[in-house]
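K.L.:
Okay, here's the structure, questions in a sec.
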């Protein structure tokens, strides 16, 4: 018999919904596939641009004549302002639907990415990156709700892991572009490519139908004769009701996501700088190691997401984080000096970090007040980002005060010791995440797609389940989905 500690973390008997993954995948329509991959693509674009700054810190230092601590201010400002975008676009999505708020969000990202490539002063650079933080803040909540709510419950764990690792794929794409094109044409080209990707993602999402959840809710409200003004009034009322009921859950989610964001940004944002400064790698080798690390992230996210469907969300997160902080991954990540060993360390540390992250989209979606699946996860995620926004600057500042000596070109050289700084930070954060996850809730395999929308009467309450005749509607809507695909 499993110890009580482990037993308490396992999903309740009869609530695993894990026996039909392959049949469920085979039953998906092209609309469901398109909705998932359009959400994944949007999140990939978000990561591509965010890590464009991390990968070009050295080039930006030269361009603007600033230190690494000053350049990383851009990363901090982007993270700080993301919570504003999460609130704005999350509310728009829960009120008006998943499709057009995400399209508009991506177009704004495209414009600001393009603008980043045209700045001439450091002040302009910081201003554009701050504005970009607002646009970027809306993407995750909209992408995850867009991708997951139309899938069968049996697939949501695996889909969560694959979706979240659009983040790693975006980082990977940025690293490849940095390695091949930026080396010959300068740092600005990385942002031009990011703008093109965002525009492409916006076009793709504009061609994919609205979520069935919103088609169903809007058709019912239309039958009732509800006006836009009346639905907005209901939405505001139900939002207040949700906050009255779930204010403690909101605080918990922010606390959880603060730890997760420290874990992610602390292990990634200055990783290329760490390799170049503390280990003496060339920019080329640092980029290759980053690519290898992101391959580990992609593998970890998919495997952990799939595993969470069987053993539960919290237990999967705890196992992945213990692999990072409680075993040999951190030493393998920071102690070696050779390229092969450090690359292996990068692979496994990101396997664990992003394995835990792979469970987060579905864990937050199932934890959320059901009618607010874009606003609640998005705002919790980005408020956690805001609290952890100084992680890169903390590491840069601590590295400037903690020194080590390396041999470079045959002579000893005193450099910033990012290895020690990142090892301590990730170890402490890993312990924090494990404790926070253990004490938190889990609503494994929740059928949140059966809940009322936020603009329907009673939507702010957890028990506002749609009537049986409405539960039968998705099948008929799916049949006519292709006819309505370009008009919704």
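Just so it is clear, glycine is given a Cβ too, placed from its N, Cα and C backbone atoms.
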K.L.:
Pick from 286-308, 355-377: which stretch is listed in TrEMBL under transmembrane segment?
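P.N.:
Going through 286-308, 355-377 one by one, TrEMBL flags 286-308 as transmembrane segment.
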K.L.:
Among 74-93, 100-119, 125-145, which stretch has the most Cβ pairs under 8 Å to the transmembrane segment (21-43)?
P.N.:
125-145
K.L.:
Which sequence positions outside the transmembrane segment (249-266), separated from its termini by at least 6 residues, show Cβ-Cβ distances below 8 Å to it?
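P.N.:
Residues 75, 79, 243, 321, 324, 353-354, 356-357, 360, 364, 367, 369, 376-377, 380-381, 383-385, 387-388, 391-392, 395, 422, 425-426, 429-430, 432-433, 436-437, 440-441 contact the transmembrane segment (249-266) from elsewhere in the chain.
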K.L.:
Is the transmembrane segment (286-308) in contact with the transmembrane segment (125-145), using three or more Cβ pairs under 8 angstroms as the rule and ignoring pairs under 6 apart in sequence?
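P.N.:
No, the transmembrane segment (125-145) and the transmembrane segment (286-308) are not in contact.
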K.L.:
For the transmembrane segment (286-308) and the transmembrane segment (100-119), decide whether they are in contact, meaning at least 3 CB pairs lie under 8 A, counting pairs 6 or more apart in sequence.
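P.N.:
No; fewer than 3 Cβ pairs under 8 Å.
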K.L.:
Considering only Cβ pairs within less than 8 angstroms, which of the stretches 100-119, 166-184, 315-335 has the most against the transmembrane segment (190-208)?
P.N.:
100-119
